[in-house]
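A short worksheet on the structure shown next.
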Amino acid sequence: MLTVLAALSLLSLLTSATGRLAPDELCYAEPRRTGSPPNTQPERPPVIFEPPTIAIKAESKGCELILLDPPIDVSYRREDKVNASIAWFFDFGACRMPIAYREYYGCIGNAVPSPETCDAYSFTLIRTEGIVEFTIVNMSLLFQPGIYDSGNFIYSVLLDYHIFTGRVTLEVEKDTNYPCGMIHGLTAYGNINVDETMDNASPHPRAVGCFPEPIDNEAWGNVTFTELGIPDPNSFLDDEGDYPNISDCHSWESYTYPNTLRQATGPQTLLVGAVGLRILAQAWKFVGDETYDTIRAEAKNLETHVPSSAAESSLENQSTQEESNSPEVAHLRSVNSDDSTHTGGASNGIQDCDSQLKTVYACLALIGLGTCAMIGLIVYICVLRSKLSSLEFWRAQNVKHRNYQRLEYVA
């Protein structure tokens, strides 16, 4: 019984794993071409190799910029070079729509695949509709959710010959009383059925999330459509069939990717900036005397005087990254702004759970102690029963012997 209870407590800890927001260093809107650039087309299309084996929960609200991370433990692996790929999908139920895909080559075996830990990486296939809403940061999916992004995201990872799949159920708060335009998302097309609320009677900080620093209008003038994976608007004048079809989805057995994915040849840092550009260029909803500058100042003030646990997690991420190259830990996690146990995922793409691992190890120790105690108890009972049986047998033999002697004496 003790073992069962300990196992259940361990399972509850694992299934309640939480995560963090994207760190501040990913909230920018200027075009950056730092780091290693991609240099080849992907060798394979994005594929869901097997149905998801893990169910995870995630949350988002306001203008938060989030990272969905596949929690895969690579720390136990050898340093031998391996190839890897990461694919992200959105599950519409009848089909799975690919969102982003990237391949890595010659990666350090016990480090999270990234442009820094791999010899090379492919162009990124991303879903674009004139703007970049999603991109991959190492192995994580980066975006600013709208209220219509609530739903199931699926990750499919191939690490050497090992397959990892999971389902992240994202729940976006429907309160739209924030300055950013939250009326967008993957499920908004065709059937807008999510109730939005503007609850001014329940005041809360509006400057919650990512507010990139304003940039010059010509900053992106030298960036090509090809680098961002955005189709040239001029090409649509001749053939309207080139427009991406949002309903073009994957089945479990599909091995080809549809027109919803475009090949972005720019480096990872450029695509992160493109996501920030979409945030900066969206239709803002200011109230009263609010301006973008006042909102940014308020957001910084909130971070300074009322640090959220997500911000604390980001700081912990930076310190932990120097000690460890971001092992991803137990194959369970979610994004939740009030958790500070996941570290390292900001810069390395997948988070560890050092604090949570300590708790898990404690539970494992309890399971081990309980198992040993039960085994010892069983052995003790068996030995005791054996001794009692031997004693009873000896007594029976002794009585029999005395009776035999009495009969002999009578005779």
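Heads up, the Cβ atoms here are built off N, Cα and C, so glycines get one too.
Since we're looking at a predicted model, the values are computed, not measured.
Feature annotations, courtesy of Swiss-Prot:
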- 306-327: compositional bias 'Polar residues' (COMPBIAS)
- 334-345: compositional bias 'Polar residues' (COMPBIAS)
- ASN83: N-linked glycosylation site (CARBOHYD)
- ASN138: N-linked glycosylation site (CARBOHYD)
- ASN222: N-linked glycosylation site (CARBOHYD)
- ASN245: N-linked glycosylation site (CARBOHYD)
- ASN317: N-linked glycosylation site (CARBOHYD)
- 306-345: region 'Disordered' (REGION)
- 1-19: signal peptide (SIGNAL)
- 364-384: transmembrane segment (TRANSMEM)
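If you count neighbouring Cβ atoms within 10 Å for each of the glycosylation sites ASN83, ASN222, the highest count belongs to ASN83. ASN222 (N-linked glycosylation site) sits 32 Å from ASN83 (N-linked glycosylation site), counting Cα to Cα. On the backbone, the CA of ASN83 (N-linked glycosylation site) and the CA of ASN138 (N-linked glycosylation site) stand 13 Å apart.
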